[in-house]
Amino acid sequence: MAGSQALVMAVLVMGIAFHSTLIDATIAKSMYFNWGAHHSSILGNGDDLRLVLDQTSGIQSKRAFLFGSIEMLIKLVPGNSAGTVTAYYLSSTGAKHDEIDFEFLGNSTGEPYTVHTNIYTQGQGNKEQQFKLWFDPTSGYHNYTIHWNPTQVVWYVDSMPIRVFRNYESEGIAYPNQQGMRVYSSLWNADNWATRGGLVKIDWTSAPFVASYRRFRARACKWNGPVSISLCAIPTPGNWWMSPVYKQLSNGQQAQLKWVRDNYMIYNYCTDFKRFKGQIPAECSMPQF
């Protein structure tokens, strides 16, 4: 879209660390435009990325990863952001892809954002949990992290866990541990569903819509094909995510998680009996924390 119907996202990404070795890489070396390159430019020394986004624009990492920690500082679209979605997620490709999502659903001026989380395994999702935030995510940068190892996936906001998905493959429940995933980010028009189920549409007189990103960091295992399935799960010092400390949340983290879920969770697929006609997914009956 052109003119007042352009979605604009300014992205500043600095520094990437892989494995146990810190690698200083500019955006130009570590990221590329996969949608809407005609809107985008890399500025300065290659560490300042500006994207002008519409429905077909976004960026992705050059590398894919299997296990580790992916984090970003994000300042969301201020003001009337109704109908917009700022997406930040990991995904593989294909019909049986894996995916771990953070999506930030905009809202009318003064109303809180909805943080929409989901996980896909072998192409199957429908595991949504949604939260409101306990701060204004448009007034400054906040840290959003996905931590992922063979035992669990944890979503963090400013180092506070908000959700856990544990590995129950032994019980026949699929888990994302067989496919490398790239990091993606986009800002797009989703006014058919994002705000109050699509009842509130984008107000294009409020454009441009600007989200800002800073300090993308991937402390994760590089995906080098199927051999990585075993190599990235070996308990070595380099594979720091395999340390026993990351197998389960600490008591303090579990208390934080409970506080968030008791006070700020607004939707949980595990309690949506009507949606699943009483057949709640199997993992919902198992301990997640």
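Cβ coordinates come from backbone N, Cα and C, glycine included.
So that you can see what the record holds, here are the features copied from TrEMBL:
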SIGNAL    1-28  signal peptide
DOMAIN    1-213  domain 'GH16'
ACT_SITE  Glu99  active site, nucleophile
ACT_SITE  Glu103  active site, proton donor
CARBOHYD  Asn107  N-linked glycosylation site
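Structural mapping of features recorded in TrEMBL.
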residue: Glu99; record: active site, nucleophile; CB count, 10 Å: 19
residue: Glu103; record: active site, proton donor; CB count, 10 Å: 20
residue: Asn107; record: N-linked glycosylation site; CB count, 10 Å: 21
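Rounded to a whole value, the Cα-Cα separation of the residue listed as 'N-linked glycosylation site' and the residue listed as 'active site, nucleophile' is 25 Å.
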